[in-house]
Amino acid sequence: MASILNQTQELQESSKVLGHLRCENFFLFPGENTLSDGLRGVLYFLGLAYCFIGLSAITARFFKSMENVVKHSRKVVTIDPITKAEVITYKKVWNFTIADISLLAFGTSFPQISLATIDAIRNMGERYAGGLGPGTLVGSAAFDLFPIHAVCVVVPKAGELKKISDLGVWLVELVWSFWAYIWLYIILEVWSPNVITLVEALLTVLQYGLLLVHAYAQDKRWPYLSLPMSRGDRPEEWVPEEIDTSKDDNDNDVHDVYSDAAQDAVESGSRNIVDIFSIHSANNDTGITYHTVADTPPDSATKKGKAKNSTVFDIWKHQFVDAITLETSESKKVDSIYLRIAKSFWHLLLAPWKLLFAFVPPCNIAHGWIAFICSLLFISGVAFVVTRFTDLISCVTGINPYVIAFTALASGTSWPDLVASKIAAERQLTADSAIANITCSNSVNIYVGIGVPWLINTVYNYFAYREPLYIENAKGLSFSLLIFFATSVGCIVVLVLRRLIIGAELGGPRLWAWLTSAYFMMLWVVFVVLSSLKVSGVI
């Protein structure tokens with residue numbers, strides 16, 4: 001009986017790679033395994049796309065909460081040495097460089113990180129590491145570097161130039177990002193081929209801490225630990241307060257599913273509230289973050305607290321109201337009946353996600369930390385569903401799991417990175433946030449996204465079997481890393497040439513911007529094609 005069960009398990013595992021056998025598992029509804037593989041593949045692809053929409057929506061909530069966290073200031077009381085009077089100032093709690101690496105990069109990369117971690121937990125007890133996690137993160141790194149650069153370079157208006165102001169911090173982040181891929185190649189091919197030891201996994205994770213320390217040292221210009229490079233002008237605020245509301249984005253409903261809730265909360269009788277809001281994008285790509293300040297005298301602390309609490313509950317209540325409202329205030333302003341129907345249909349499509357994510361508390365509670373944590377939990381849940389869909393797609397289509405991992409799955413889970421960098425390229429006066437988010441996300445993907453899952457598996461295998469973790473397709477993964485390293489050099493060289501010739505990494509003459517964008521996309525296609533051919537055994 002045991003031999004029969006083992007043979008059945010082997011057949012099911014082989015079906016995931018070869019696609020010859022029927023996949024017996026079902027996920028959407030009972031009896032779906034009786035459908036044809038082609039129909040099941042279509043259903044799973046649609047489900048995967050719908051999950052990406054959900055990831056975009058919940059990431060918008062994450063961005064709002066993150067902005068509130070970074071904007072938090074602490075009161076500092078000092079004594080003037082001359083007048084002996086108290087001087088009250090407010091200083092930012094977060095250093096912007098650390099916030100970029102630990103909050104922005106970690107948050108936008110959280111779908112990929114959670115996918116890899118969930119995959120590692122599911123594979124606990126297995127001597128071979130799951131291929132979905134590392135493949136997704138390598139593909140995500142390629143998507144971050146090439147398509148996101150391709151988008152950011154054409155985002156500024158025609159003739160507008162946006163360059164990196166702090167080249168020292170960017171170079172530190174870039175060097176650590178390149179070293180991450182070199183390090184992966186060393187442990188996969190040189191140090192212990194096809195094996196990940198506990199020491200290797202631990203060293204991978206610890207390098208993330210070294211990145212934080214080195215980047216902070218460069219930002220503060222610590223001697224002996226920083227590059228002696230001057231810093232250009234940089235904005236005082238991490239998120240600019242000035243906005244341009246003249247733009248209208250048709251994709252608004254994906255990234256800002258709560259703007260109407262906040263607006264209705266303000267319009268519904270809260271007349272003693274002055275709204276001081278900032279959005280992460282001029283066209284509402286990621287939604288509005290509201291800061292409510294009671295329009296009362298400073299000494300009316302009790303009234304101020306009551307007004308604040310009332311507004312918090314009003315906004316939270318209207319999040320649920322907005323989730324079940326098909327026609328928003330913006331769609332009512334549209335003259336075309338067809339566009340109004342399309343917008344209503346889009347709201348109907350988003351309604352389940354909006355209703356689910358309405359449980360995330362408003363971002364102005366506890367400086368955004370509660371919403372921050374809740375958003376991460378929801379992202380993890382959606383990421384788990386994504387792993388199930390990708391497993392089933394690989395099973396019914398016979399596509400190699402690695403190919404799915406660094407193409408469709410990596411592109412979809414990197415959508416938050418694309419949104420964040422695009423917004424930064426639009427709103428920031430410099431290119432620091434847009435480009436730094438790419439390099440920081442890639443570093444986080446490697447040191448945390450690959451290091452933590454491998455650390456989980458190696459620790460378990462060490463105590464359970466006294467064995468290391470084996471990599472089933474190390475050559476394919478190593479080949480992808482080599483291709484990515486080669487193409488990324490071509491990307492960085494073009495950015496440096498744009499800096500020297502045009503004067504900025506982003507923007508410039510429209511023709512040159514579009515040519516640069518096309519070149520970056522070509523590099524991504526080269527990476528995807530060569531990596532897919534390698535893991536499929538063609539080359």
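Residue numbers in this text run from 1 along the chain shown.
Cβ coordinates are placed from backbone N, Cα and C, and glycine is handled just like the others.
With a threshold of 8 Å between CB atoms, the same-chain residues lying at least 6 positions outside the transmembrane segment (38-58) that come near it are 23, 27-28, 32, 111, 254-255, 257, 349-350, 353-354, 356-357, 360, 375, 378-379, 382-383, 385-386, 389-390, 392-393, 396-397, 408-409, 412-413, 415-416, 419. The feature transmembrane segment is assigned by Swiss-Prot to 38-58 (among others).
Marked as transmembrane segment by Swiss-Prot: 98-118 (among others).
With a cut-off of 8 Å between Cβ atoms, the residues of this chain six or more beyond the transmembrane segment (135-155) that come close are 109, 112-113, 115-116, 181, 401-402, 405-407, 409-411, 413-414, 417-418, 421-422, 424-426, 431, 434-435, 438, 441-442, 445-446, 449-450, 477, 480-481, 484, 487-488, 491, 495, 505-507, 510, 513-514, 516-518, 520-521, 523-524, 527-528, 531. Residues or ranges marked as transmembrane segment in Swiss-Prot (evidence: sequence analysis): 135-155 (among others).
Long-range contacts of the transmembrane segment (167-187) within its own chain (CB-CB distance under 8 A, at least 6 residues past either end) are made by residues 97, 101, 141, 196, 200, 204, 207, 210-211, 214-215, 218-219, 221, 226-227, 229, 231, 432, 435-436, 439-440, 442-443, 446-447, 450, 478, 481-482, 484-485, 488, 492. Swiss-Prot lists 167-187 (among others) with the feature transmembrane segment, giving sequence analysis as the kind of evidence.
As annotated by Swiss-Prot, transmembrane segment applies to 195-215 (among others). Same-chain neighbours of the transmembrane segment (195-215): 97-98, 101-102, 129, 169, 172-173, 176, 179-180, 183, 187-188, 225, 443-444, 446-448, 450-452, 454-455, 457-459, 462, 468-471, counting only residues six or more beyond its ends whose CB sits under 8 Å from a CB of the stretch.
Feature annotation from Swiss-Prot assigns transmembrane segment to 341-361 (among others); the stated evidence is sequence analysis.
Annotation source Swiss-Prot lists transmembrane segment at 365-385 (among others).
The transmembrane segment annotation in Swiss-Prot covers 392-412 (among others), and the record cites sequence analysis as its basis.
As annotated by Swiss-Prot, transmembrane segment applies to 444-464 (among others). Cβ atoms under 8 Å from those of the transmembrane segment (444-464) belong to residues 101, 105-106, 109, 112-113, 116-117, 119-121, 123-127, 129, 133-134, 137, 140-141, 144, 177, 180-181, 183-184, 196-198, 200-202, 204-205, 207-208, 211 of the same chain, restricted to positions at least 6 beyond its ends.
Annotation source Swiss-Prot lists transmembrane segment at 477-497 (among others), citing sequence analysis. Panel annotation: around the transmembrane segment (477-497), residues 131, 134-135, 138-139, 141-142, 145-146, 149, 174, 178, 181-182, 184-185, 188-189, 402, 406, 435, 471, 505, 516, 519-520, 523-524, 526-527, 530-531, 534-535 of the same chain, lying at least six beyond its termini, place a Cβ under 8 Å from a Cβ of the stretch.
Residues of the same chain lying 6 or more positions beyond the ends of the transmembrane segment (511-531) and with a Cβ under 8 Å from any Cβ of it are 139, 142-143, 146-147, 149-151, 153-154, 156, 402-403, 406-407, 476, 479-480, 483-484, 487, 490-491, 494, 498, 502, 539. Annotation comment: Swiss-Prot describes 511-531 (among others) as transmembrane segment.
Here the transmembrane segment (98-118) has Cβ contacts under 8 Å with residues 55, 59, 62-63, 66, 69-70, 132-134, 136-137, 140, 173, 211-212, 215-216, 238, 376, 379-380, 382-384, 386-387, 409-410, 413-414, 416-417, 419-420, 433, 436-437, 440-441, 443-445, 448-450, 452-453, 456 of the same chain, all six or more residues outside its ends.
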